[in-house]
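Asks: What follows is a structure written as structure tokens; I'll ask about it next.
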Amino acid sequence: MIEMHQLSKRYGDVLAVDSFDVTIRPGVVTGFLGPNGAGKSTTMRMVLGLDTPTSGSVLVNGRPYRDSPAPITEIGALLEAKSLDKGRSARNHLLALGATVGVGASRVDHLLELVGLGDVAHKSAGSFSLGMGQRLGVATALLGDPAVVMLDEPVNGLDPDGILWIRTFLPALAAEGRTVLLSSHLMSEMELTAQHLVVVGRGRLLADVSMAGFIAGATTDRVRISSPDAGRLRELLSGPGVTFTSETRGELVVQGIPVARIGECAAQNRLVLHALVPLVPSLEEAYRALTEDSVQYHGGTGWTVGIGVPAPARPALVP
Amino acid sequence: MTSATMLEPASPAGPGSPAGPAPYRSTVTTGLSPARVARSEWIKLRTLRSTWITLGAIFAVLVAAGLFAAAATGSDSSSGAAQGPGLGGDPVSTVLTGANLAVLVVAVLGAVIGAREHVSGMVRVTMAAVPSRLPVLWGRLIAFSAALVPVVVVGVLVAYVGGTAVLDANGADTASFSDTGVARAVLGTAGYLFGIGLLGTALGTVLRSTAGAIGVVIGGVLILPSLAGALLPDSWSSVLQYLPSNAGTAFTQVSAGSDYLSPAVGACVFAAWVVVAVAGAAAALVRRDV
């Protein structure tokens, strides 16, 4: 369990983390989602005691992490995969860190096999690819068999096998009663792995909500219609509050009419439908709706966004 | 050590709270201790090849330079007394000539050990494992000492014994270990090298830069005092004698002369410099974000 109370960090003029009040609970994979520069890594560093909060506090399993009598058995973290001394072998890297709480060679060797680095255990970690570095980072995080596992962008640079492995492995860790916090800016990855979401943008907490609730909260009543009589349907469906957001030949995307009404309308007028699909928003769309105003490094559009507070697109999501 | 795998379901750790599953309890039941952190730092130190290469270089420089200086003194000398630039005036400083070079290598090794993890980013992994931080510094200094002290002690003794044998064979003056101040100068040289190593580690920890720390130790501690001594009026010598290298000279020479502190005071002053630097490193390590 990680508890943040009004957690804030200021670097000069930039408020990197602004009053986070979040509890990361055991038993589920919590996704920590936000664009680059949103404050995810800074928050994780404060959880680990690497950065001192400007104000507020954070507790790991009920106490400040610096006071932990057995640190890596409480929280295991992967921050930056390539942050290690290049000349040391993967195995010796793990042996050195494990020694801090008396973890020895048998567990180190077990973990190297688990993350698929058994064959290169004696190779210099500096020669590793980014993907291998991520695997070593995951092994490092698991070294103390910790109650809290915190991974910063673990799939970054990982090969497809590794991504698939992370996808099944993290929920398994959570099912054992561990707290699992996974940060990413890749929404597709989150959708497959996380059950709960903490969304941040420009240092602000935007949402703390279940994955299902997050997507439902962004629901739009858009329906895709595929029909040889699309033109006729469009005429029949037109009315106040109804928009046609995209159309190609034989296809319509309608917003503002319940899907049942569209079906009834087609039946009454004896029009052929090839498809009638309610469009469920993806995590990506939900996320875009939420962070549109809080993207710090916005590309291309030439307009500055997010001056002041992020637009409270869905204030109900933040408890 | 447990052999439980990560994917086995957790054994019930107690009554689960109504709010969710029982919190996971690690199968690792041992905790942090200063001895374990020191062991961790020792593993880090001994598993880098550069450590052993540098320690080997320190030993080789101490012994080889001592033997060469002794050989040069014996064959060059017509009067029997030691001479030649930089070779000192007495048999002990002749056979310990290598210390002048070894001190640079020791300073570099110390600076690298202090700064390396800050440069590579490994420091964040280390401090996440030991969030109280200070045990890392103590453990690192203990591990470094365990590696460095045997090398410099054996190094100066071999240089002294070997160099003296060469001087003797060449018919030059030699100094017996039992002569006044000889044992103190020989072992004091080892102590001085050791102290410079700790100073380098402390400065590397504070500056977080290998190059910066090497620059400060070699430039500030080793070169500046002699530069200042040459440029400043003689009246400054009472101040300059408290600088680390001059305080070191006071106890690493058989008789340093009136410009220097007494050997005992010099050793205390030098030790104080090391303690202050290490205290500064401890304060910086605890206070600053990593």
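Using the three backbone atoms N, Cα and C, a Cβ is placed for every residue, glycine included.
In case it helps, TrEMBL gives these features for our protein:
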- B:1-26: region 'Disordered' (REGION)
- B:52-72: transmembrane segment (TRANSMEM)
- B:92-115: transmembrane segment (TRANSMEM)
- B:136-162: transmembrane segment (TRANSMEM)
- B:182-204: transmembrane segment (TRANSMEM)
- B:211-232: transmembrane segment (TRANSMEM)
- B:264-286: transmembrane segment (TRANSMEM)
Asks: Please check if the transmembrane segment (B:136-162) comes into contact with the transmembrane segment (B:211-232), where contact means 3 or more CB pairs closer than 8 Å and the residues in each pair are separated by 6 or more positions.
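Replies: No, since the transmembrane segment (B:136-162) and the transmembrane segment (B:211-232) share fewer than 3 Cβ pairs closer than 8 Å, they do not count as touching.
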Asks: Restricting to the same chain and to residues at least six past its boundaries, which positions have a Cβ under 8 Å from a Cβ of the transmembrane segment (B:211-232)?
Replies: 103-104, 107-108, 110-111, 114-115, 196, 199-200, 203-204, 240, 243-246
Asks: Using a Cβ cut-off under 8 Å, which residues of the same chain at least 6 positions beyond either end of the transmembrane segment (B:52-72) come close to it?
Replies: 46, 84, 87, 94-102, 105-106, 108-109, 112, 147-148, 151-152, 154-156, 158-160, 162-164, 166-167, 170, 172, 193
